[in-house]
Amino acid sequence: MFIDVAKIELKAGKGGDGSVAFRREKYEPSGGPAGGDGGDGGSIIIVGDKDIKTLMDYSYRSIYKAESGGDGRNKKQFGKKGEDLILKVPVGTLVKDYDTDTVIYDVKHDKEEFVICKGGKGGKGNVHFKSSIRQAPRFAEPGEKGEEKTIKLELKLLADVGLIGLPNVGKSTLLSIMSNARPKIANYHFTTLEPNLGVCKVGEKSFVLADIPGLIEGASEGLGLGHDFLKHIERTKILVHVLDISGSEGRNPIEDFELINSELSSYNIKLNDKKMLVVLNKTDLGAEDNIKEFREKYSDKVDEIVEISAATTENVDKLMYLIADTLDSIEDDYSTLDEQYVYFEEEKEPDFKVRRENENYIVEGPLIENLIYRTNFEVYESVNHLQKVLEDKGVIQQLKDLGIQDGDNVVIGDVEFDFYE
C-alpha cells in the first residue's frame, strides 16, 4: 500500500465592495441612495470523481484561488458573483487540516461535494443604510474576505495494475518508462524487496502501477519472500505478466509463463480470475519464433498479448492505453479502507469575547472582527454605524462591565482606538 499526499493552499474569493451612489434622474437631481451590493466571492468546492485515481494533478500547483465577487454599481445593481472553484479528487481521499492533521472530510462517493472554503459575502451598498435621520448615507460595506486554509489531501493507493514476471524480464525498466517512478534497475536476481509504485497518466486518466518483486519457483510456499510478494498481487485489479520473449538469459519464455502462473494458482486460486495482459518484452533482440509459438499456444487463454520493447519503447504507448481501457471495464471497489477516523468538528463559539490584558481591552471573534474590517474609518457615518452595531450586540456593555473608562485603549483585530461614550 502506498500513500499519495498533496499539500495545497486554498483561498476563497473576496466579496465585492458595496457601492456608494445616488440617483441622478432628470427630474430628481437629489435622488436617494442607489449603491448596489457587491457580489459574493467564489467558494472552493471539493468533488469526488471516480475516474481520477491519484493526486498527481496536485503535484504541479500548490495554491488555488477562487474568483472574487464584483463590486456593486449604480442604480442598485449587484456585482457579479465570483465563480466557484471546483477541485476534483479521487473517491477515498481524506481532506486533512495541514497543521493539526485532523480529518476535515472523507470523500466517499462519486460526485460528492464539500465546500472546503466559503467565499466572502459581498458588501452592502449605501442603499441599505438609509434611515429617517440618515437620508443620504455616504458609506457602504467592503466585501468580506474569503476563507483561507492549508490542507493535506491523502489517498491510500492500492495498485490498479501489478507487473509480474521472473527477475530480469524488464519490469523495472517498463515501470520507469510508463510512470514517474524511478526504480533501481540492476541486472541481477531478486534485487527488489518492496514493490515499486508509479503513477501512469494516459490522456485524462491515470492509474497506479506496481512492479511486484521478482517471483521465483516456490514463492507460493514462502520461499524467498514469496508470501510477502504475492499478497501485493491480491490487491491489484489486473495483472500484466512480462516475459523476456527473446530468451536472452537462456530461459524458455513459455516455461517461465507456466511457472509463474502455477505459483499464482498455488497461492490463491482466485488469482486465476483476474484479468491478465501478457507483455512479450525484448522483441528488439529477435524473437520471431518464440512470439509465434507463444501466440499459437496462448492466444485463446489470456485476455491480451502485446509485443513491446522497453529498451526502444516500441508499443509501450499502446500497452498503456490498453491497460487504461481494461481498467475502465472493471467496477471500482472502495471498500478497502477500513480504518476508523476521528473527525474534527468545530465547536460553535460565541459571536465575540471581551477580555482585559494589561491596559488594553481586547474584543475577539470573527463576527466583530469582520465588522471592523468592513468599516470605513474615513467616513463618520460608517464609524457611527459601527458603534450602533457594537451597542446592539452587547459589546459596549461587556466593556463597561470590565471597567472601561473614556480614553482607554480598545483592540479589535488589527485596529486600535480610544473608547469614548
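Note that Cβ sites are derived from N, Cα and C of the backbone, with glycine treated the same way.
Given the structure is predicted, the values throughout are model-derived calculations rather than measurements.
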Query = According to Swiss-Prot, which of these ranges is region 'Disordered': 21-40, 61-80?
reply = 21-40
Task = Mind checking which of Lys171, Lys282 has the fewest other CB atoms within 10 A of its CB? They're the binding-site residues.
result = Lys282
Remark   = Around the Cβ of Ser309 (GTP binding site), other Cβ atoms found within 10 Å total 20
Remark   = Across every protein chain in view, the count of C-beta atoms other than its own within 10 A of the C-beta of Asn168 (GTP binding site) is 18
Ask   = DSSP three-state call for Ser172 (Mg(2+) binding site): helix, strand or coil?
value = helix
Remark   = Helix, strand and coil residue totals from DSSP for the domain 'OCT' (344-421) stand at 29 helix, 18 strand, 31 coil
